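Novice: Annotation comment: TrEMBL describes B:28-426 as domain 'Oligosaccharyl transferase STT3 N-terminal'. Look at TrEMBL and you will find B:543-600 tagged as domain 'STT3/PglB/AglB core'. The transmembrane segment annotation in TrEMBL covers B:24-44, B:91-111, B:123-143, B:149-167, B:179-204, B:210-233, B:245-264, B:276-294, B:306-332, B:369-387, B:394-410.
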Amino acid sequence: MGKFWVIFVASISILLPFLCNSFSPETPTDRRVLVLLDDFAVKSSHSSYFNSLKLRGFDLDFKLADDPKIALQRYGQYLYDALILFCPSVERFGGSVDVAAIINFVDSGHDLIIAADVNASDLIREVATECGVDFDEDPSAMVIDHTGYAVSETEGDHTLIASDDYIKSDVIIGSKKIEAPVLFQGIGHSLNPVNSLVLKVLSASPSAYSANPLSKLSTPPLLTGSAISLVSVVQARNNARILITGSLSMFSNRFFRSGVQKSGSSTKYEKSGNEQFLTELSKWIFHERGHLKAVNVKHHKVGETDEPALYRINDELEYSVEIYEWSGTSWEPYVTDDVQVQFYMMSPYVLKTLSNDKKGLYSASFKVPDVYGVFQFKVEYQKLGYTSLSLSKQIPVRPYRHNEYERFIPTAYPYYGAAFSTMAGFFIFSFVHLYNK
Amino acid sequence: MATMPASASDLLKSFKLKTKQQELLIRVSILCLVYILAFITRLFSVLRYESMIHEFDPYFNYRTTLYLTENGFYDFWNWFDYESWYPLGRIVGGTLYPGLMVTAVLIYRILRFLRFAVHIREVCVLTAPFFASNTTLVAYFFGKEIWDSGAGLVAAILIAICPGYISRSVAGSYDNEGVAIFALLFTFYVFVKAVNTGSLAWSLASAFGYFYMVSAWGGYVFIINLIPLYVLVLLITGRYSMRLYVAYNCMYILGMLLAMQIRFVGFQHVQSGEHMAVMGVFFLMQVFYFLDWVKHMLSDTKLFQAFLRITVTCAVAVGGIALGLGMVSGYISPWTGRFYSLLDPTYAKDHIPIIASVSEHQPTAWSSFMFDFHILLFLFPAGLYFCFKRLSDATIFIVMYGLTSMYFAGVMVRLILVATPAVCLISAIAVSATVKNLTVLLRSKNKVVQTGSTKGSGGSKSSSKALLDQSQPFQKNGAIALLFGAFYLLSRYATHCTWVTSEAYSSPSIVLAARGAHGNRVIFDDYREAYFWLRQNTPQDAKVMSWWDYGYQITAMGNRTVIVDNNTWNNTHIATVGRAMSSYEDEAIEIIRSLDVDYVLVVFGGVTGYSSDDINKFLWMVRIGGGVFPVIKEPDYLVNGEYRVDKGAAPKMLNCLMYKLCYYRFGEMLTEYGKPPGYDRARGVEIGNKDVKLEHLEEAFTTSNWIVRIYRVKPPNNRWWLNRYKFG
C-alpha cells in the first residue's frame, strides 16, 4: 500500500509542472496550439514563424485542414488553447470541425489566427465574417498600391505592398518601434461597421485599392484607401483574441528575410518588419501581453474592515481592488492612473478615479449618496489592447433607521418649550379650577 | 327548557325573569352559532385546495409577516427591502399598514404561548375568517345600539354570510381588508355609542378603534371623512349636543395623534387635502360651542344675531384663507388621484391608467351588486324607510354610512366591501322591524282573545294594533303569509350566499381549477410550479422582470428580486417595464439590460383558455408605458380600434416583445381538436405570427400547461459590440 502511495506522490510531483503549464485563468498564456495547413509545405516555408512560437514554449500541433481526425474538443474538453488557420483554400474541414465549432472555440475563450489569401475559400471567409471582417468579395482580388508598393525585381507588380501604418498601441504591437515596413501580398478586407470590437492593426495606404491585378479595371473598386485593412484583430468580450489577415505569405520565411524598400523612399531596409510585427502581434494574441486580472474586490466602511451586507445613506466607505497584468510568466502589478469606480444605480451617482499604491492595489474612498436603493460598485476598464475589466458588485443602500435621526434638534426648542409649558399650564389651570372655590 | 314550549310557557308566565333569561340564552346561543358559522363558511377554500395564501397582495402580507416573526418589530419597522423594485428598493416599514401583520403575529405569539405549535402560515390563512367572526359580534352590538337587539341579531346573521364581505375574508385571503372591516365597524359602533352616551370612555375607545383601522387599511380615509360629514349633518339639522361635542373632539384629537404614529400615514392628518374636512368640522364645533356659550350669556337676542353673523363670517373667512394659503404654499397636499377617481369615476380612465387597469377599481356592474347583496339590495331601501321613520342620532349615522358607501360601491367594485356592513345593518333593521311588526300582529290577536294583557315593553303599540285588527279581517292571514315570504327570502339568501362562497369566492387564484371533458376537476398549479422553478434553478440574485401583477408572488414564493410589484408606488418604473414589453425585441433588450434583468416572466393562457393572462392585460401595458414614454402609441397595436392577435393584427402587435414571448413555439402546437396549430384558446383565434424567433432571449422554462413562461436574457454576443462605444 505504502509503495503505491509513494508512486502516486512521485507521479504527481513529476506531472505537476506540466499540469500547471496548461492554460487557465491563472496563467492565461496559451500552450497548446493547433495549426491547420493546406499542405505540409507551409510548415517548412513558414518555419521561422513557427519556430519563434515553439521557442516561446508553445506546443504546436500541425494538421492538414482536411485531416478527418482533427477535433477541437474531446469529451467536452478543448484539446487546444489556440487555433491557427493557415489554410486559405480549404473548402471543408476534416473531422468534426466546422464554422460553428470554430466560433464556439472562440466563444469559450480561445484564440484564433486566420490567414487568408487570394482565392480564399468560402469557408475561411465565413469564419472571418463571423469575427466581424469581410474579405473582398471578388475571389481573385488583391490589394494593389501604385505608390506604396515594395520595390522588387518584377517591375510593374504592385501587389506586394510595404505598409507601415500600424495601430498606435504599444500593448498590441510591442513597445519597440518597428523600423522597416511590413510586406503584404494578398487579399484585403474591411471591418464591419457595426462591430466595434474589431480593430485595424495594419491598414493600407490611402492610395491602395482592391482589385484583380490581371484584369483591366472596368468598374471602380469597392474597397479603396484606408478602409482596407491588411491585418485586423478582435478582442471578444470574453477576452478571446483573433487575428485576421488576408496574406498567408506575410508569415513566410521569404518575407521575413527579404529586404524592403518602399517605393518613393530611398531607405532600403535589410530586413522587412514582418518578423518583428507578427511576433509581437502573436504575443498579444496568445495573451503574453495586455492581459489584466482584477482580484480581491473589497469594500468596507471607513474605520472598519468587515464587508457589510448593506450600507446606510451618507456612510463613508472605502473600495479597493487589486489589478495585475500578466507578463507572460507571472502576474505583475498594473500601474496606471485611469481606473475609475462607479457607484451605480441606473446611472453613476459617484464616479471616482482610483488611486494606486504601485503594487497593484487600487483604492478610493467616498461618501454614499443620499439616495437609497440597490447600488453597484462598477469598474468598467476598457483600454486599447488590454483585456477589458468589467467588475460589478451589488450592494444595497438603506435609509436611516427610526432611531438614527437626531433626537433633539436645537431649532425645535421653542416647540418643545411650547409643548411642555402648555402641559404645565393646563395642569395648574385644572388644579386651580377644581380646588379654588 | 326550549324543547318543551307548551309546558314552559306556563312556567314562563309565572316567572317574568325567566323570560329574560330564556331570551338571553337564545340570543347568546344564536350569536355563538353565528360566530361559528361566519368562521366555517369561509373555510371552503381550505377544504377544496389546501391551507394556502390566495391572490397577489396577500403574498406580500405573508412575506412581511414572516419577516416580522423572524426579525422582530424594530427590524420590520425599518425594513428596507431590496428584493423588490430593483434597483430602487422599497422601504417596506414606511410604506405599509402594519396592522394586519402585527395582529397575525400577536395571535401567533398567543397561540405559541398557549403551547399550540402552529405555523405562522396557518395563522395568516385563518386571520380573515377569525376577524369576520368578530365582525358579526360588532354588528350585533351596533344593530342593538341603533335599533334593538333583534335587529342586531339579524345584522349579525346577515353579515356572517354576506358574499360582499366573504369575497375578501375567506380563509387564505390574508389581506388588510380582512381585519379592516372589523376595525371600521368597531370604530363606527363605538363612535355611535359615544355620541349616544356622551361618554369620554367610549369616545376614547373609538379613537383607539380608529387607530387600529388606520394601522390596518388605507380605507380609514372613509371614516375620517364620514364622521365629520355626519357631524355636519347633525349640526345643520339642529341636533348639536354636548354628547356630540365630547364624542367628536375626543375622537378626533386622540385619533389624529394616534394615527400619526403610523409611519405610512405620518403627518397626512394635518397636511393632506383628504383630511381637511375633519379639521374644518373640528373648528366649526368650537365655533358652535362658543356661540352656544355666548347665547347663554347674552340675553338680548338681537345682539346675539349680530354677534352670530360676525362670528360666522369671520370663522368661515379665516378657515377659507387658511385652507387657501395651505394649498398655495403646498403645505396642504392636493387630493390624490385615487380620491379624485372616487368622486369622478371617469377621472382615473383619463389620467391614471395604472388605477384604471386594476379590475377591482372598475365601476360596479349591476349584476355584481345582485351577486354580492342578493335580497339585501331590496331590503336596503326598506331599512332606510324604517330609519327615517324613527330618526335618531344613531339612525342618521347608519343612513349616512349606507348612502355614502353605496355611492362608493357603485364607483369601484372593491368598495362593495365597505358598503356591506351598512347594507347588512340597514337590511337587518328592515327585516327585524317587519318581522317584529308581523309577529306582534299575530301575538296581539292571541292575547286579545286570551286576556288582553300585553308584554311590558310594547304595550301601547300592540293595543293600538289590536284596535286596527278589527278593521282588517285578513290581517292575521296576511301577516302569516308575509312572514313565510320573509323566511323564504331569507332562506334563499342563505342558499345563495353559500353557493357564491363555494363557487366564486373560494378559489385561491394561484391554483386554477377547471372542469375537464368528463366533468372532473382539473387543477392547474402552474404558478407555483414556475415560482418553484425560479427558486431552485436561478442564481440567488437573479432579477426577474414581469408585469407588476406577479411581483409579490415572485418575491414571496420564488424568492427572487423583481423589477416592479403590486405596490404600484412608482409609475415610471412600471411604465418602463410596460415599454419594454411593448417594444420590438432589440429595443426592449436595451431596457432589459439597463435594468440588469436576468429572466423575463410572462403569463400565457392560450393553451388552457385562462383569460386573465398577459396578452389580455397587454393594452394596459401599452397605455401605462405610453403615459410616460410617448414613443409607445396605443393605435400602433390596434387595427381599426380593435385589439386582435390573429393575422389581421397590427404589425407592431405581432412583433412586440410580449407577443413574441407569449407565442414563442406556440405556432407549432395543437391546442384543440379540429383547430389549426397555434389556435389560441383564450382568445379563440389562430395566432397571426406563428414563426416567432427570439434573438436576445431564450426560453428557460415553460410550465406544464404553458401558463407561466420564463425566458433567460442571453449575454451580449461575444464577438459583436453593437454599441456606440469603441476602444481607444
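Cβ atoms here come from the backbone N, Cα and C positions, even for glycine.
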Novice: Any chance the transmembrane segment (B:369-387) and the transmembrane segment (B:24-44) have 3 or more Cβ pairs under 8 A, given the pairs are 6 or more apart in sequence?
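Specialist: Not in contact, no.
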Novice: Counting only residues 6+ away from its ends, which parts of the chain sit with a Cβ under 8 Å from the transmembrane segment (B:91-111)?
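Specialist: Same-chain contacts beyond the ends: 61, 64-65, 67-69, 73, 76-81, 118, 120, 123-124, 127, 130-131, 174-176, 178-180, 183, 212-218, 262-264, 567, 569.
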Novice: Same chain only, please: residues at least 6 beyond the ends of the transmembrane segment (B:24-44) with a C-beta under 8 Å from a C-beta of the stretch. Say none if there are none.
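Specialist: Same-chain residues near the transmembrane segment (B:24-44) but 6 or more away: 1-2, 128-130, 132-133, 135-137, 140, 149, 153, 156-157, 159-161, 166, 169-171, 497-498, 501-502, 506.
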Novice: Would the transmembrane segment (B:394-410) and the transmembrane segment (B:123-143) count as touching if the test is at least 3 Cβ pairs under 8 Å, pairs 6 or more apart?
Specialist: no
Novice: Have the transmembrane segment (B:245-264) and the transmembrane segment (B:306-332) got at least three CB pairs under 8 Å, pairs 6 or more apart in sequence?
Specialist: no
Novice: Test of understanding: applying the rule of at least three C-beta pairs under 8 Å (pairs 6 or more apart in sequence), is the transmembrane segment (B:276-294) touching the transmembrane segment (B:179-204)?
Specialist: no
Novice: With pairs fewer than 6 apart in sequence excluded, do the transmembrane segment (B:123-143) and the transmembrane segment (B:149-167) have three or more C-beta pairs that lie under 8 Å?
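Specialist: Answer yes: the transmembrane segment (B:149-167) meets the transmembrane segment (B:123-143) with 3 or more Cβ pairs below 8 Å.
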Novice: Counting only residues 6+ away from its ends, which parts of the chain sit with a Cβ under 8 Å from the transmembrane segment (B:306-332)?
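Specialist: For the transmembrane segment (B:306-332), the list is 271-273, 276, 280, 283-284, 287, 290-291, 294, 298.
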Novice: Calculate the per-residue pLDDT averaged over the domain 'STT3/PglB/AglB core' (B:543-600) and state the result as an integer.
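Specialist: Taking every residue of the domain 'STT3/PglB/AglB core' (B:543-600) together, the mean pLDDT is 92.
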Novice: For the transmembrane segment (B:123-143), find every same-chain residue at least 6 residues outside the stretch whose CB is under 8 Å from a CB in it, and list them.
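Specialist: Distant Cβ neighbours of the transmembrane segment (B:123-143) are 31, 34-36, 38-39, 42-43, 46, 51-53, 58, 61-62, 65, 100, 103-104, 107-108, 111, 149, 151-160, 165-166, 168-175, 178-179, 181-182, 185-186, 188-189, 192, 421, 424-425, 428-429, 432.
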Novice: Tally of helix, strand and coil residues over the domain 'STT3/PglB/AglB core' (B:543-600) according to DSSP?
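Specialist: Secondary-structure composition of the domain 'STT3/PglB/AglB core' (B:543-600): 33 helix, 8 strand, 17 coil.
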